[in-house]
Amino acid sequence: MTESGSKLRIFKFLKIIISSLLITVLLLFTIAAIRTLSLDVNAGLQLAHWEKTNNKSLVIDHHQREELLANFKEAIRIPTVSFSNTESNTTALHEFDRFLRKAFPTVFSSSLVHHELVANYSHLFWVKGSQPELVPYMLLAHIDVVPASESDGWEAPPFSAKEIDGFIYGRGTIDDKNNLMGILQALEYLLLKGYAPRRGFYIGLGHDEEINGLNGAMNIVRILKQRGVQLLFVMDEGLTISDGIIPGLEGPAALIGLSEKGQAAIKLSVSVAPGHSSMPPRETSIGILATAIKRLEDNPMPRLFGYGPEGDTFEHLAHKFSLPLKFIMSNLWLFSPLLSRILERKPVSNAFVRTTTAVTFFNAGVKINVIPSLAEAYVNLRIHSAQSVQEVLDIIKDTVGDQRVKVELVDGFDPLPISGADDKAFGFQIIKKTVLDLFPTVTVAPGICIGNTDSRHFVDLTKNIYRFSPAWFKPGDPERFHGINERISTKNYEEMIVFYFNLIQNCDIRKLPEPHSSVHEL
């Protein structure tokens with residue numbers, strides 16, 4: 001074969017390769033473009049024919065508005081603070097019990113409602129349904145709040161419930177007395193209107209959620225288990241309606257949490273012989289431990305975007321973004337690695353991408369001229385849905401890579417199971433319908449809670465747990481959660497009551513309608 005002939009064959013071969021690559025790229029681009037133009041996973045059961053029900057309407061008059069706001073403000077003024085795992089304001093918890101009985105007399109006196117006190121301070125309500133064959137559901141909220149001090153810079157004292165420019169300020173206004181009071185106020189109004197549910201339901205109000213719910217929620221679960229109760233779904237606090245918070249998103253979005261990240265507390269420690277600072281060794285206990293921590297911070301957990309419900313979140317929201325983000329989010333099958341790298345750049349969105357690692361305590365040293373024998377640090381991890389506590393622990397040991405550093409699991413739990421969000425997921429679709437009935441311009445999408453709630457204790461009672469609060473969060477509001485100037489608008493609190501008023505009635509259907517969706521699958 002001549003040299004020119006060999007070059008010609010190589011040229012033809014390269015031409016075939018390049019042509020094949022171009023055709024593949026063009027094909028992928030065409031598929032992605034079609035999907036971008038047609039995908040709208042949010043167009044779901046709101047278009048379907050729902051079972052006809054005689055839902056009662058709620059129009060709040062001036063007198064009711066004054067009364068419900070007065071009750072809400074009184075709830076905020078009661079400092080039901082959980083200080084630590086061993087210390088709560090039990091005086092305030094007793095006061096809150098008396099307040100609830102006064103604020104909602106119909107709830108506590110109705111023959112349809114059975115109430116019991118659990119673990120001295122928590123509350124369990126059973127609202128009997130007229131059709132006992134319908135599986136009951138449960139609404140959760142919690143009574144306790146985290147500590148707050150006016151000296152931190154509050155615009156109004158944190159337990160004053162002061163109203164400023166249409167907002168009520170105070171600890172608990174968004175975590176979680178807004179949901180607690182909204183649920184009970186809605187039930188009070190329903191009962192006053194002569195409502196009797198077809199589907200029975202429970203209301204659980206824990207008193208120690210902020211310190212892990214080990215007495216409140218766990219004892220409520222124990223009681224329900226003893227009675228053989230299984231639940232259709234559970235709804236607890238969680239994600240909210242975000243308006244202007246997600247960059248590039250057109251309009252507000254209601255995110256319904258399908259799961260929660262797991263959590264682990266891990267202790268790192270180094271023990272060496274103590275010594276005098278005038279004769280220091282090459283490495284001290286502090287230096288060894290500091291190096292280990294630096295390795296953890298320099299080597300974050302692997303990116304796992306798309307292996308949990310966070311992928312569905314962006315796909316559901318894709319049609320509300322402008323190009324090029326719309327193109328990217330509509331085609332996560334192709335662009336997940338790219339979006340993952342974009343999201344990890346900011347702490348808020350990085351939490352969706354991976355298990356996060358935060359060093360929260362570092363203890364060492366007793367005297368300026370003494371080399372400490374012991375150095376300790378504690379690391380808090382929020383575990384991605386695709387990992388387990390054990391996997392995270394193994395990665396930390398490998399990353400530290402120093403046998404002088406002892407790595408111990410203090411406590412932790414795996415990520416929660418992922419609840420359904422398809423056309424057959426009763427709880428998700430009922431919440432979605434209720435949101436869209438009240439807020440028709442909102443986009444609804446599944447999400448994941450990066451924090452933890454009492455609902456994690458209910459996994460043995462149902463496979464379907466949803467974390468959602470019909471509270472509106474605008475820019476700056478997420479920082480108020482457990483922060484200063486926690487607040488809610490009077491309008492939004494009233495909307496929350498209407499939401500629960502409608503949700504309870506929407507649950508009375510026997511089954512969901514047949515799917516009528518415009519979802520396009522590859």
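Glycine too: its Cβ is placed from the backbone N, Cα and C atoms.
TrEMBL does not curate its annotations; it predicts them automatically.
Sequence annotations record features per position, and here TrEMBL assigns transmembrane segment to 12-34.
The annotation active site is assigned in TrEMBL to Asp144. Counted within 10 Å of its Cβ, the other Cβ atoms near Asp144 (active site) come to 29, all protein chains included.
Among the features that TrEMBL reports, Zn(2+) 1 binding site is placed at Asp175, Glu210, His482. Within 10 Å of the Cβ of Glu210 (Zn(2+) 1 binding site) there are 24 other Cβ atoms, across all protein chains.
Residues or ranges marked as active site, proton acceptor in TrEMBL: Glu209.
Residue counts for the domain 'Peptidase M20 dimerisation' (259-403) under DSSP, split into helix (H, G, I), strand (E, B) and coil, are 61 helix, 36 strand, 48 coil. Annotation comment: TrEMBL describes 259-403 as domain 'Peptidase M20 dimerisation'.
On the 0 to 100 pLDDT scale, the model's mean across the domain 'Peptidase M20 dimerisation' (259-403) is 92. Ranking the recorded positions Asp175, Glu209 by other CB atoms within 10 A of the CB puts Asp175 at the bottom. Counting only same-chain residues six or more apart in sequence, the Cβ atoms lying under 8 angstroms from the Cβ of His482 (Zn(2+) 1 binding site) belong to Val146, Asp175. In sequence order, Val145, Val146, Asp176, Phe481 are the residues of the same chain, not among Asp175, Glu210, His482, whose CB sits within 8 A of the CB centroid for the Zn(2+) 1 site.
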